[in-house]
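The feature transmembrane segment is assigned by TrEMBL to 26-47, 53-72, 93-117, 129-146, 229-250, 271-295, 311-333, 354-379, 504-526, 538-559.
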Amino acid sequence: MEKGSGSPSVGGSYPQKNAEILSSQYGINLFLAGLLLTFAWAVHAVGISKSHLLSYLITLMLIQLLWMLWYLGRSCTQRRLIRDKDTHAGARWLKCGITLFAVITLILDSFKIGYYIDFSKCLSPTEGIFPVTHAVHTILQVYFLWCHAKDIIQSFKTLERFGVIHSVFTNLLLWTNGVLTESKHQLNEHKERLITLGFGNITIVLDDHAPQCNCTTTTLCSIFSQGIYYLYPFNIEYHILASTMLYVLWKNIGRKVEHHQQHKTPFKFHGITVGMIFGLVVLTSTIAIVVVYLIQIGRSKIKSELALTMFYLHAIFVLVLMCTAGIVALLIYRLEDRSLDNSKNPARKLDAELLVGTAAGSWLLSWGSILAIICAQAHPKYTWYNLPYSILVIIEKYIQNLFIIESIHREQEKVNDDIKTLRIVTISRGSTLSLTPSYKEIYNGRAAPESGEVPCLFKGSVCGRENDRGAKEETSQDKSSVMHSASDISFYSRNSVTNNKRRILKNIAAFLFLCNLSLWIPPAFGCRPEYDNGLEEIVFGFEPWIIVVNLAMPFSIFYRMHSAASLFEVNCKT
């Protein structure tokens with residue numbers, strides 16, 4: 001196996017690049033095979049059952065478990081060795097986020113186990129083995145990411161590349177399985193609600209995979225079956241976060257890093273009160289809107305139309321606020337003259353690519369809605385609110401992506417050297433702004449206390465000469481002090497303006513963070529006007545539009561969570 005040492009060369013980099021290409025192709029084929037199996041189960045292909053899909057996923061998880069145990073065991077035996085770390089990867093807040101999602105995923109697995117026990121007579125054993133294996137996989141993977149997400153692997157690189165990329169695509173397949181299962185449930189509910197909006201010409205055929213036997217405990221079965229679908233959004237976010245962290249680990253294998261001091265940027269609530277208050281108002285109102293929407297939609301045609309109108313008006317108001325905040329932040333950046341950090345950073349590059357890539361999902365839905373409104377022959381009143389909503393979704397993501405990507409590429413402000421220089425010069429010139437003397441000035445006996453007397457640390461000729469020159473220098477020092485005090489005031493004035501700009505940017509980042517969390521909640525928990533509007537389904541056809549929504553919606557949901565995570569980082573960095 002290769003050992004990571006020495007400077008990169010053509011002969012040394014070729015095997016690494018070859019291993020990267022081979023491992024990526026292995027992962028892609030692994031994913032495509034699982035994706036095809038998932039699709040075959042979804043469309044009820046002959047000879048393909050859910051047990052085949054679950055068996056494939058269980059096998060992938062067991063292989064990943066073996067690799068993680070091998071890696072952890074090897075790391076324990078080599079724990080005294082100093083390893084390179086990517087300080088930008090695996091931030092603490094990201095680890096805390098994935099831990100929260102993992103805990104809820106474990107609750108989901110326990111519900112699946114309970115569901116299997118109640119329907120054990122007519123369910124395949126794989127449906128009981130899968131949640132158990134998944135729970136063990138989740139616990140070990142979170143531990144692995146907490147301990148080794150920052151690692152830069154320099155030994156056994158070929159083997160590790162295959163192990164990490166296997167883990168990446170295993171999580172992507174588990175994410176795909178969760179998305180499909182949750183989408184099928186949402187689609188069934190959507191088909192049942194369509195008739196209340198007056199779209200009776202759409203044939204409703206439920207795609208049901210319910211077990212063909214009676215439950216042993218009816219109440220528990222109802223709790224498990226309903227609870228599972230409310231927990232799926234967290235399971236979906238867990239797997240996509242895990243795959244991104246593992247992808248960064250894969251990109252870091254064999255990487256040469258420059259050793260430099262990484263400044264820690266802890267999150268602080270101080271100075272972001274305004275942004276937090278407005279953000280919490282948006283979050284609270286969004287939760288209320290979602291609750292009312294889910295209660296009203298599907299009850300009757302009038303109630304469904306009122307629920308859609310209420311959703312669109314609230315979303316338009318929030319999106320306008322977010323666009324305004326993003327424009328203000330970009331204008332502040334234009335007024336500042338700070339260079340961008342263009343150094344190689346896999347984590348930062350992946351963040352930017354995910355922002356633009358996943359935004360394409362909601363852009364696709366928005367353009368579909370715009371075209372449907374333009375081309376439709378009949379326009380119910382509530383559908384007109386969909387037009388400004390769709391346009392604002394496109395604009396808001398465009399502005400927010402610019403703000404986030406520029407923020408994560410801006411060089412972090414360092415302690416200004418002018419402050420240190422100013423302090424020394426001010427003390428040596430006797431400025432009234434000086435607070436404490438420097439070490440060298442005390443040592444050399446030149447520090448002036450507030451009284452203006454020069455302490456003589458050394459007796460004899462040195463103090464004598466200083467006292468003799470005191471009268472001659474007094475006049476020039478007074479003039480210098482006045483001039484320097486003016487420059488000091490100018491410097492602190494500029495520093496105050498910079499602090500005000502930073503405070504505004506932190507409030508904007510905090511506000512956008514909570515707004516993105518707010519906009520993640522509706523689609524994640526079943527509030528999807530793209531389903532319930534009905535206009536797009538008339539223009540494009542029921543099946544084509546449902547396929548578009550099911551493909552684009554997971555990316556749209558992930559975009560909001562990823563944006564919230566990126567904005568949290570921006571807030572810490574600003």
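Cβ atoms are placed via backbone N, Cα and C, with glycine included.
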Taking contact to mean three or more C-beta pairs under 8 angstroms, with sequence separation of 6 or more, is the transmembrane segment (311-333) in contact with the transmembrane segment (504-526)?
yes
Please figure out which one of 26-47, 93-117, 229-250, 271-295 racks up the most CB pairs under 8 Å against the transmembrane segment (538-559).
229-250
Cβ contacts under 8 Å made by the transmembrane segment (271-295) with residues that lie 6+ beyond its boundaries:
307, 310-311, 314, 318, 321, 503, 506-515, 517-519, 521-522, 525-527, 571
Give me the stretch from 53-72, 93-117, 129-146 with the greatest number of Cβ pairs under 8 Å to the transmembrane segment (229-250).
93-117
